[in-house]
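Participant: Pasting in a structure now, in structure tokens, and then I'll have a few things to ask.
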Amino acid sequence: MRRLVNDGYEAVEEMLAGYVAAQGKYVDFAENDKRVIVSKQMSEEPRVRIIVGGGSGHEPLFLGYVGKDFADAAVVGNINTSPSPEPCYNAVKAVDSGKGCLYMYGNYAGDVMNFDMGAEMAADDGIRVETVLVTDDIYSAENVEDRRGVAGDLIVFKAAASAAAKGLDLDAVKQAAEKANANTFSMGVALSSSTLPVTGKAIFEMKEGEMEVGMGIHGEPGIKRTSIEPADKVVDQIMGYLIEEMKLTAGEEVHVLINGLGGLPVMDQYICYRRVDEILKEKGVHIHSPLVGNYATSMDMIGMSITLVRLDDELKDLLDTPCDTPYFKVD
């Protein structure tokens, strides 16, 4: 195992302790729960609070986006495991200001069950909690409502957080998140598994020199395994699926996110972006504020995903609204 951990069973707690110590300008633990990270820069004015969360191992996803005018709290589960209902509830209690809270997370069964239980507990206290599930992974299911959430989490979280920062009510904030989700499309490729710190073993088997297009961030099966191909061929394949799914046409405008899965060098990520840029320009599609980097990872997995967001003036404004967190800033 090529990981720098101590006791694998303590990896999440030690990571959280280090994160809060390093990012104390932005975050702290909730008073009664060290699986809840809360913003130290929440608006003093009552407004809708944004709560995100899910399993560990995808950092900076979730906890890295808690800060000013973005997420107000993140609920942290064990590696690739949903947080339990209690911290989901505790996050609401920690940040609610009387305007209600919006839960947002990727569409995975364990997360849905436990966050729903947290929302029910909050409702018993008279606190309204709504939920938006992120479903951007186009290969994971034919029906959109059954799809998984991957790197598109970042886009949906940002849209909702911007709406909340503008002072919109809970229904309008939820609507902004749903609109962003409906216009966000992702697909990835894996060239290796990730490694569990508890066992030191890969979460799935992949031979050296293989790749799998469409694989999920937890190792969910993709389209097929083949020998690793040149970057342009891989990008062409993924972009073909995305463009077909979106029915993308000349004159449209999109936001592009090239997301590293943890082990892919930055050099490779920009090589992939270069090809995406070429494809979209050849098609007459305009690109707005592209992002390249590690935003939603799978520990040390070698791979990347491409996310395209169909834009209109409203979504552009929401994505361009200023925010400040340890791992995402808009000036």
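Even glycines carry a Cβ here, placed using N, Cα and C.
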Participant: Swiss-Prot has G55, S56, G57, H58 binding dihydroxyacetone. Which one of D7, D96, D111, D116 is in the same site?
Facilitator: D111
Participant: According to DSSP, does H58 (active site, proton acceptor) sit in a helix, a strand, or coil?
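Facilitator: Where H58 (active site, proton acceptor) sits, the three-state DSSP reduction gives coil.
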Participant: Of all the binding-site residues given, G55, G57, which has the fewest Cβ neighbours within 10 Å once its own Cβ is left out?
Facilitator: G55
Participant: Select one residue from H58, H218: among these active-site residues, choose the one with the most other Cβ atoms within 10 Å of its Cβ.
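Facilitator: The largest 10 Å Cβ neighbour count belongs to H58.
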Participant: By the DSSP assignment reduced to helix, strand and coil, which category contains H218 (active site, tele-hemiaminal-histidine intermediate)?
Facilitator: coil
Participant: In Å, rounded, how far does the Cα of S56 (dihydroxyacetone binding site) sit from the Cα of H218 (active site, tele-hemiaminal-histidine intermediate)?
Facilitator: 11
Participant: Far apart in sequence but close in space: which same-chain residues, 6 or more away, have a Cβ under 8 Å from D111 (dihydroxyacetone binding site)?
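Facilitator: Those within reach of D111 (dihydroxyacetone binding site), by Cβ under 8 Å and sequence separation of 6 or more, are G53, G54, G55, S82, P83, Y105.
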